[in-house]
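Student: Feature list, courtesy of TrEMBL:
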- A:12-33: transmembrane segment (TRANSMEM)
- A:39-57: transmembrane segment (TRANSMEM)
- A:64-80: transmembrane segment (TRANSMEM)
- A:86-106: transmembrane segment (TRANSMEM)
- A:113-134: transmembrane segment (TRANSMEM)
- A:154-175: transmembrane segment (TRANSMEM)
- A:205-226: transmembrane segment (TRANSMEM)
- A:283-301: transmembrane segment (TRANSMEM)
Amino acid sequence: MESVRYLARNPVWLLGLGLFIFFSVTTSHFLTAYNLSNVLFQCALVGLLATGLTPVIISGNIDLSVGAVVGLSSCLVIGMQEQIGLAGAIAVALGSGLCLGLLNGLAVERLGVSSFIITLAGMIGTRGLAFLYAGDTSLSAIDEQLYDLTMLHVGPVTLIPFIFLTAVLCFQWMLRRTVHGRNTYAIGGSRSASTNAGIPVSRHVVINFIICGLMAAICGVAMAANLGAATPSYGKDYELWAVIAVVLGGTRLRGGKGDLIGTFAAVLALAILRNGLNMLHVAPFYIPGIMGLALIAALVLDRQLNRASKTAE
Amino acid sequence: MSIAPQPLQSQPEATQGAIISLEGVGRTFPGVIALSDVTFDVLPGEVHALCGENGAGKSTLMRVMAGSFPQDSGTISYRGETVTFASPMDAKRRGILLIHQEISLVPELSVAENIFLGDFPKLRGGRLDTKKLYRDAEHVLEDCGYDLDAHAIVGDLSLARQQMVEIARATAFNCSVVIFDEPTGALTNQEAEALFVTIDRLKKRGVGIVYISHKMKEVLTLADRVTVLRDGKVTGTLSGEKITEREITRLMIGRSLDSYFHRARRRIGEEVLRLEGFGVGGSAKTVDLSIRAGEIVGLYGLVGAGRSELMEAVFGLRKITSGKLSWCGQLREISSPKDAVRLGIGFVPEDRKEQGLVLGLGARDNTSMASLRRLVRFGFMDTIKEQSIFEKYRERLEIKVSTAKTRVGTLSGGNQQKIVLAKWMATAPKLLILDEPTRGIDVNAKAEVHALIGELAESGLAVILISSEMPEIIGLSHRIVTIYQGEVTGDLAAEHVTEDMLVERVMNPPERFADLLIG
Amino acid sequence: MKDIGRPSARQLLIAAAVLVLLTGGATVPGLFSFDNITQMLRQISVTGIIALGVTFVVIAGRLDLTVGSLLSLCAVVAITLHDEISPVAAVTVPIIIGLVVGCINGFLVAILRLNSLIATLGMLSVLQAVALVWTSGQNALIDRPEATWFAVIGRGYLLDVPIPVLIFLLLAALTAILLGMTRFGREVFSVGGNEIASRFSSIAARQVLFTCYMISGTLTGMAAIVFSSRVMAAQNNSGSGLELQVLSAVILGGTSLAGGDGGIGRTIIGVVLLGFIQNALLLIGLPYYVQWLVSWVVIIGVVWADVASRRGRVLA
């Protein structure tokens with residue numbers, strides 16, 4: 001009963017299922033173990049971003065710079081390996097995401113400006129940093145060490161999807177069961193009530209931005225590891241996918257509502273869609289168009305759902 | 001309500017054992033002296049009511065007490081020590097809680113989470129101690145005698161129940177002073193009664209209560225002491241036998257009610273507006289209403305009774321679900337404010353800052369906002385005409401602005417309201433709808449607005465006046481229509497109306513109690 | 001002006017920009033030479049024309065991020081139509097496309113009431129796809145650029161002044177009149193300052209917003225014509241990132257992102273200042289992506305100045 005009601009509130013699960021069935025029937029290569037593991041891997045990359053972004057949006061903010069952070073961290077992890085070794089390079093890459101998250105969070109809280117603007121500017125600035133570091137070229141890994149990491153298995157899943165799944169569970173737990181998580185909902189629900197109640201609003205907001213930056217950096221490292229190379233334009237438009245996934249997953253853009261389970265489902269549904277379109281030989285030119293339409297559709301959905309819940313009150 | 005008031009010696013500062021006491025407190029805002037030399041205290045286990053007209057300084061006083069902003073002069077002592085509150089949280093930690101008129105809860109969270117908002121019980125590693133949270137919350141709710149589910153989501157609760165959650169917070173934080181700001185504004189009688197029981201319970205535990213209300217009846221029954229403010233100054237503190245309606249009113253307005261209001265001479269003309277079977281929103285209730293030129297019709301009802309919604313529908317801001325609207329004898333449809341203005345309707349909305357003005361724009365630009373259509377010549381704005389119209393109303397309404405470009409956000413409430421009025425007078429309307437036209441403006445400006453309303457009616461304008469202030473509505477209107485839950489419950493000639501008659505008609509009739517209980 | 005005594009945060013910022021400019025003039029040889037200035041003005045006229053339209057949207061309290069990819073789309077369409085149909089099509093169709101896209105944006109934001117930033121971000125992506133599909137990822141070129149009157153728009157001179165600059169100035173004058181002297185202009189400021197109060201004052205806020213997007217789209221279409229005539233070629237990503245450049249120019253000039261405050265004159269100042277700074281960076285020989293870092297710093301700085309000057313007014 002509870003789960004039925006959950007599905008009604010989160011139609012994205014049904015969407016995912018529908019797409020799954022549709023592509024299974026219409027294409028012969030979709031429903032194969034190889035392809036499905038491919039889908040899982042594809043969704044893991046955007047999934048890492050969306051997972052980090054969900055708490056930020058629940059607290060009533062947004063981070064549009066995540067795609068650029070992917071570019072920067074992927075370049076750093078490849079480029080730094082020669083000088084300071086693999087572990088050091090990974091640490092620097094993750095550190096960059098953490099710092100940029102901190103920077104965004106502080107700018108939003110200290111300046112009291114919409115996070116849209118701050119992170120939109122951050123997006124272009126971070127991309128600039130990535131180009132500044134790597135130049136206009138692509139970097140290649142000096143050896144297979146990084147790539148080998150991605151081949152590690154935890155049970156049947158490889159490392160990157162495993163990190164994604166773990167992150168989903170951890171973040172869900174964090175939002176439900178920790179003081180930070182509950183305060184995140186409170187801030188998104190009513191910032192003034194939270195301030196009045198003495199919640200250290202800025203601290204929680206900044207923490208969420210830091211987590212988001214870190215997850216973006218993990219995504220960048222994962223991407224670089226998988227391809228054994230990096231260019232500063234990696235992760236372009238990923239922020240769009242991530243926002244689409246979060247909103248489609250039922251998290252309210254205004255904040256206060258949402259969860260990781262919905263985000264997970266949406267990430268999965270989008271990956272199935274993308275993969276399925278590939279299978280149907282839809283030209284890659286159309287992908288940004290479909291993405292943009294999906295974003296607008298998610299936005300309309302967000303409005304409708306919230307209007308519905310408002311009249312229900 | 002049986003606790004005997006403390007005997008009061010001459011002046012309040014002499015009272016011993018006060019939990020909180022303010023001495024000589026003053027506070028100014030740019031251009032306004034909100035409080036000056038106020039002395040006020042609260043004893044344990046008493047209800048100290050704070051009365052005064054809008055703009056008299058009540059809300060400033062309570063905010064100073066609750067740490068929203070500091071005073072400019074004077075001292076606050078709490079339990080005998082001089083204190084300065086750094087923030088509302090600081091005040092709350094020390095035991096002073098302000099329960100706002102607007103509920104300050106997070107609608108998405110549960111009752112328990114809201115009660116302990118900002119002070120969640122923690123386990124190691126930042127984990128939330130869910131068990132303790134809900135156990136404690138249930139404890140608190142039981143303590144208050146509230147039949148609320150700690151797990152319920154606050155957004156799903158009725159307003160009255162949300163208020164209970166706020167009050168439960170006071171208990172949870174072991175507050176020693178609780179300030180109620182117009183707590184019954186949106187409550188039904190039944191719900192208000194429940195609130196009074198809670199207040200009584202708080203009293204018995206020795207909590208000091210500051211009670212701010214416009215409703216004389218509540219003040220008379222609840223208060224052990226009453227302090228009256230006027231123009232930011234204390235005009236008197238009453239206790240025991242001396243608490244009478246007459247005395248409070250005298251202290252509030254400084255003169256007797258009759259001379260205060262000047263009712264416009266009745267020169268009734270043709271019918272301007274007629275509503276028949278007029279319905280708004282989801283409710284099945286409909287309204288019949290008619291108003292003639294030169295007539296001031298008061299519309300009285302509780303907050304949430306549907307007064308503003310009804311008028312917004314007349315003005316084309318809301319969809320009409322049923323019924324007919326005739327304008328000067330002809331059937332009309334008004335589907336947008338544009339239509340309404342074209343017919344000759346003006347609307348001074350309830351919320352001046354949100355709905356009435358563009359605070360970032362200048363006084364002249366705001367004045368011409370509703371009549372831009374008339375100010376166009378050969379496709380361009382006729383700025384000379386615009387300026388002259390602004391000057392005309394600036395003079396007529398005595399609007400105090402330094403230049404035509406002064407941003408209206410920097411003006412006092414009274415001058416802001418005059419600009420809203422000027423904006424509508426500039427459209428030369430036949431019907432002016434005034435929704436709470438004197439809310440939050442000082443006494444002088446209020447008198448000026450009252451006089452203006454009378455003049456406008458005498459010049460043949462039809463006026464619909466919505467107000468929560470009974471003296472205002474009784475003093476100004478020719479006719480008073482009472483509304484209860486979207487339905488007209490009375491249409492009275494104002495000369496013979498008493499406050500009791502109005503209250504009777506806008507409070508829920510007893511037989512309706514059963515279906516009002518929510519939860 | 002009324003506040004001469006103490007400089008506002010915005011004035012400080014403009015002062016800082018001018019200082020940077022003067023330092024640039026002193027250190028970068030040729031920055032202030034006549035040739036360089038005309039070249040620079042010719043280059044900024046595309047950004048400038050777009051910024052004029054975006055100014056309307058920003059004053060109305062919204063954002064339009066589609067302008068970059070709309071420029072790409074209109075430019076590739078102009079270039080391909082020039083050879084395939086006629087130069088006349090190249091100067092009309094882009095404007096129509098701009099208008100239509102403006103209407104779509106207006107529909108999403110004004111009628112469906114979607115968050116303007118996210119909605120136009122989505123449209124940005126959609127337009128990118130349309131441009132990609134149109135070109136199939138190929139560069140579009142005009143075969144014989146020397147043999148067409150189309151080149152005059154972007155490359156010609158009138159009395160030593162580049163035609164694009166003249167077009168920019170003409171459009172600036174028209175938009176300044178529209179914004180400053182007409183009823184519509186007044187309504188834009190009202191809606192941006194307080195949309196609810198505007199509705200309560202019988203201003204048709206939705207129509208006003210819709211029109212602002214139409215203006216922004218149409219002007220972007222015109223800018224695309226100037227652009228493609230100057231370059232005589234276009235790619236599906238020619239305008240990539242332009243939306244942020246335009247936005248930084250508009251807010252650098254002092255139009256508030258909170259809405260309800262701004263002007264065409266300010267936008268021109270912003271466009272010229274930013275143009276000089278970027279031109280100086282290029283003359284020093286820094287790569288193009290350094291400009292992005294500059295945009296970052298400028299936007300944060302300007303937004304800070306905006307907030308500091310209104311103190312406490314937070315963007316929603």
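Using N, Cα and C of the backbone, Cβ positions are placed for all residues, glycine too.
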Student: So which residues does the transmembrane segment (A:12-33) touch in its own chain, when a touch means Cβ under 8 Å and the partner is 6 or more beyond its ends?
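Tutor: For the transmembrane segment (A:12-33), the nonlocal Cβ contacts are 248-250, 262, 265-266, 268-269, 272-273, 275-276, 279-280.
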Student: By Cβ distance under 8 Å, which residues at least 6 away from the ends of the transmembrane segment (A:205-226) in the same chain are close to it?
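Tutor: Distal contacts: 41, 44-46, 48-49, 51-53, 55-56, 59, 61, 63, 65-67, 69-78, 90, 93-102, 104-106, 108-109, 141, 146-147, 149-150, 160, 163, 167, 180, 184, 187, 234-235, 238.
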Student: At a C-beta cut-off of under 8 Å, are there same-chain residues at least 6 beyond the transmembrane segment (A:64-80) that contact it? List them, or none.
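Tutor: Those are 49, 52-53, 88-90, 92-94, 96-97, 100-101, 104, 116, 119-120, 122-127, 129-130, 133-134, 139-141, 146, 212-213, 215-221, 223-225, 229-240, 242-243, in sequence order.
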Student: Should anything in the same chain at least six residues away from the transmembrane segment (A:39-57) have a Cβ under 8 Å from its Cβ atoms, list it; otherwise answer none.
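Tutor: Distal contacts: 63, 66-67, 70, 115, 157-158, 160-161, 163-164, 167-168, 171, 174-175, 181, 184, 188, 208-209, 211-216, 218-219, 222-223, 226, 238-239, 241-243, 245-247, 249, 251-253, 255, 258-260, 263-264, 266-268, 270-272, 274-275.
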Student: Which residues of the chain, 6 or more past the ends of the transmembrane segment (A:283-301), have a CB below 8 A from one of its CBs?
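Tutor: Hits for the transmembrane segment (A:283-301): 237, 240-241, 243-244, 247-248, 253, 270, 273-274, 277.
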